[in-house]
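What follows is a set of notes on a single structure, which appears directly below.
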């Protein structure tokens, strides 16, 4: 019998097939040998000889590899294997008898072929390194190597049983994914209905009051959070499926994250229930049961029990039964482009009572102020000339009461204004920072850190300028028209003088406001740029000293600073001029008014005319002072309000940009590790060159994929696309078959282990850096440190895992920082790892430790590698050049081919 040494020499029938000629491996008595080309293997469902449903990619077989037939099994939904040529391929059909011949001659070739097939099956269905068998009854079994099981019947039976189990678990996975997809579609349908309901509600809002339904079902904590959300006017959602409850330090964090809210821990001290601290979630001391604390007035709270669905007024006894720690939520800005009205509506939302108090007290103060002129006229013209002491006493008491009432009204108005400012400032600042943190990563490329900070503070400046004293001045200015009517009632001619004076003041303040706005717009731009430059210079002070560039840096900074000073001086000059005008104008207007009044008072001596009485003039003067003061305050508010225009221009990029995540995006669920880039093209600017062009990359769960290429070939851009930092111009990105554009990108990122070239370390202990806010154990931290080769270094530190590192890891070496970032990526045991040259700063020994640790992990790895020795075990290597995939294959295959990969190998070896 012939002893075959080359599998392609076996006798059989030769087929030449193309991509549109798939072959169903449905005969266990037949094997297929790939003589040339390659085929992709898919799991499919076959009924009556017809392939149904979608194909599930398993693995790829190349030349000199063998494909074994499988037996259809109705228990596994008739799941079988389909071979699809990826190029023009030659397949050799061989009978099982040839396999018997090889086995009989004990040729090692068949053992290698069978083990290669088993390895590919195990890669498609990854298992943990540590497995165990659980016997249902007493049994005896013997383990044998593949080489020891050369009996053809046993080998065929073993392969048949393996295929049966393989397809059984493939079927289980498909069913699990089908259920997850069904849940995802149900959630998406629910979100679509919610969006439609909100849109219809918005359309109907002009005709009927808006009613919002809140989530008040589920666990006690969810119900309590729903009650707090109802008080705040926000929707509360339960935690998502993708959230790992074991990694969340507080279950309330998961609810806040799913509801797109920020939360903060507060202390319940002193008589907190007698103050308006906003709605909160607290816990009982006895059984740590969550409850909602809801304010019912400025000095009272109610405790809502989510289990009993009862409300109880909080007193000292109930307050003592609660823990001293509570939690409060911060609302988020609407997920749309906002204008000034939207921002004001958000800031003043829920403060309707306070705004009503401000309005009513303004009316009351104005009406009480109108009593004083009228009383003055009566006193001067009648009570004093007639020596009517009773009338004097009555009016004196009346004016005293009116003055006291006015003071009380102003006090109530001031307290309401202070309350509105305090509450709106807290929520607006938190919401704007939340909006900034949720913006796409591409947004931050456009601005420096200092400039962004200045733009954020612009939003708060707008809120301050349009509330508080501005609101009071506008209200008093509106009610000043009542005093104007009183002026015309006393004397028409003098009232015209008063109107002329006020019009002059308004004209001056308006003109100065317009000039001021023109000065402030460039001033804000320079301040933002200068702040950003200052932050950059401070961060790079060490580099400046090394380069000896301190004087040039100071000259660069001082040039912009001098421009800022000049603009500030010119702005201050305008403001001082307006202040001087407003100081002098009352004296001038009084002089003009008294001159006209003198002329009219002399007319009293003429018998033919009644003229202007002294009492009427004094009443007119009192009303005139009140009117001018209110009108002046209102006109002075105009420049202040006009300064909102340049501030709004600065803040627009933040409030006009929409967040990258909203509630309409579907939750990805638990990712398993399948990643696909399907014909992706990308450019950073619309008018810029293509960075990636028609790139397709596929990674099955558990596979090790490497990306190599020269600098600028697009490797890091692929990572940015996978992380959702950028959006493809063409093509799609899929995680577990789900389009990334329709998924909650933040939930996707939380399931990835990522090490980027510019990864940073924050100030804190090593343990805190590893956890990154997630709940981990000390054992998990040490395990991750061992896998990254950092355990010995940490053990040698005085405080071990609790050693404090500085911001950026300045007290660690470059290799230690990189290993710490690797450990941070591994500690949560993600299903997907993305490494961008993660071992560039490691020595060969440490690199070997890290590589070996990663090779034992059953996770999907996509690695950008410049050091090619680190990717020898990669399942597939994608070689990129100028944004295109120019080579694809294993390390061995690419090393033996002429091309870019061989050139890169030669450079590193040479």
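Every residue gets a Cβ built from N, Cα and C, even glycine.
Checking the ranges 471-490, 531-550, 551-570, 571-590 against TrEMBL, the transmembrane segment annotation falls on 471-490. Among the ranges 430-451, 496-517, 606-627, the stretch that TrEMBL annotates as transmembrane segment is 496-517. Matching 391-409, 410-428, 638-656, 657-675 against TrEMBL, the residues noted as transmembrane segment span 391-409.
Looking at 330-354, 355-379, 680-704, the range tied to transmembrane segment in TrEMBL is 355-379.
Taking the domain 'ABC transporter' (675-907) as a whole, pLDDT averages 87 in the prediction. Here the transmembrane segment (496-517) has Cβ contacts under 8 Å with residues 484, 487, 571, 574-575, 577-578, 581-582, 585, 589, 592-593, 596, 624, 627-628, 631-632, 635-636, 638-639, 642-643, 645-646 of the same chain, all six or more residues outside its ends.
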